[in-house]
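**Q** Can you read through this structure? Questions will come right after.
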Amino acid sequence: MRDIIKDQGLLSFLPQKLDAELVQGSTMVKHAFPIFQKGGVVMDVTNVTQAEIAEDAGATAVMVLDKLPYDVRKSGGVARMADPKIIEEVMNSITIPVMAKVRIGHYYEAKILEALGVDMIDESEVLTPADEEHHINKWEFKVPFVNGARNLGEALRRITEGASMIRTKGEAGTGNVSEAVKHMKIINGEIRSLISMSEEDRMKKAREYQVPYQIVELTVKLGRLPVVNFAAGGIATPADAALMMWLGADGIFVGSGIFKSQDPDVRAKAIVLATANWEDPEIVLEAQKMISESKSMMGIDIKALKPEELLQVRGQ
């Protein structure tokens, strides 16, 4: 595991010493767990039945929440973390890792999930933020966190706060991959810009991003984010998943795209197949043929959303 962390270049930035024993909750373990998810698909689920479908389809993990993002968007009101009893039932029914979402800034929802024993916490803009100004200080926790980002500044701020994994925000619950594409391209484009900058300009960028200069330098050295970066937000088909992998994602989160479709069992398997074999168009074609477009979730045009309906703007 130490070799994996060294390969990621994290030794020069992370605050804890990584030459110690491997202990649960250590920085090394928290940053290694997401690395083992690379190339896989994490699926949103709301109950045991969906979790079992996800596991059977080959998902590397599930994300438990009270409502799928599409339903969160439609129902309105305050979206909170899932019922701990449901999360526990899912944990007891499957063998793959179980993640769960908390509201941005809600320290105690995160503490509850840590006590419950989830494998990872998503501090998510899909839920109603508890703190409009600040995210959770994730260094205090033994469990690893994933956070969303639309650009490099957001990504590096979340990593500085202790996030072990980043995902594009996209626009969750829409079945529209366009925002995930945009966010992935922005992050990768801003990394390329950093690489071409002088040291003085990089220091200015660090101040602009409100992050330590060391993490900017580490990003330049690696030529990528210092942690795993998955794609999320609007992924609904095998082709969507393959596209995001082609754009540089390390893996895929699928929210409403599977269980708001009319063919969740086969769609889950098809998305896993396309993600694992994104470099082979013939296999992606096979995956796409497994599903029927007529059974896909009803998508939402991003342009039809009012500014206050956008989830991605939460937590900058």
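Our numbering is plain: 1 for the first residue shown, then up by one each step along the chain.
Glycine too: its Cβ is placed from the backbone N, Cα and C atoms.
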**Q** Which single residue out of G105, G117, G162, G173 does Swiss-Prot record at the D-ribose 5-phosphate site shared with D44, G234, G255, S256?
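**A** D-ribose 5-phosphate site check in Swiss-Prot: besides D44, G234, G255, S256, the record includes G173 out of G105, G117, G162, G173.
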**Q** Hey, how far is G234 (D-ribose 5-phosphate binding site) from K185 (D-glyceraldehyde 3-phosphate binding site), Cα to Cα, in Å?
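**A** Cα of G234 (D-ribose 5-phosphate binding site) to Cα of K185 (D-glyceraldehyde 3-phosphate binding site) measures 15 Å after rounding.
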**Q** Return the single residue from the recorded positions list (K101, K185) that has the minimum number of other CB atoms within 10 Å.
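**A** Checked K101, K185; of these recorded positions, fewest Cβ neighbours within 10 Å: K185.
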**Q** Just to verify a number: CA distance, S256 (D-ribose 5-phosphate binding site) to K101 (active site, schiff-base intermediate with D-ribose 5-phosphate), in angstrom, no decimals.
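**A** Distance (Cα to Cα, whole Å): 14 Å.
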**Q** Other residues near the D-ribose 5-phosphate site, CB within 8 A of the CB centroid of D44, G173, G234, G255, S256?
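**A** Here the nearby residues are L68, P69, Y70, V126, A172, T174, G175, G233, I235, A236, V254, G257, K260.
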**Q** Of these binding-site residues, G173, G234, G255, which scores lowest on Cβ atoms within 10 Å?
**A** G173
**Q** With Cβ-Cβ distance below 8 Å and at least 6 positions apart along the chain, what are the contacts of D44 (D-ribose 5-phosphate binding site)? List them in sequence order.
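**A** The answer is V62, M63, L65, L68, P69, F253, V254, G255, S256, I258, F259.
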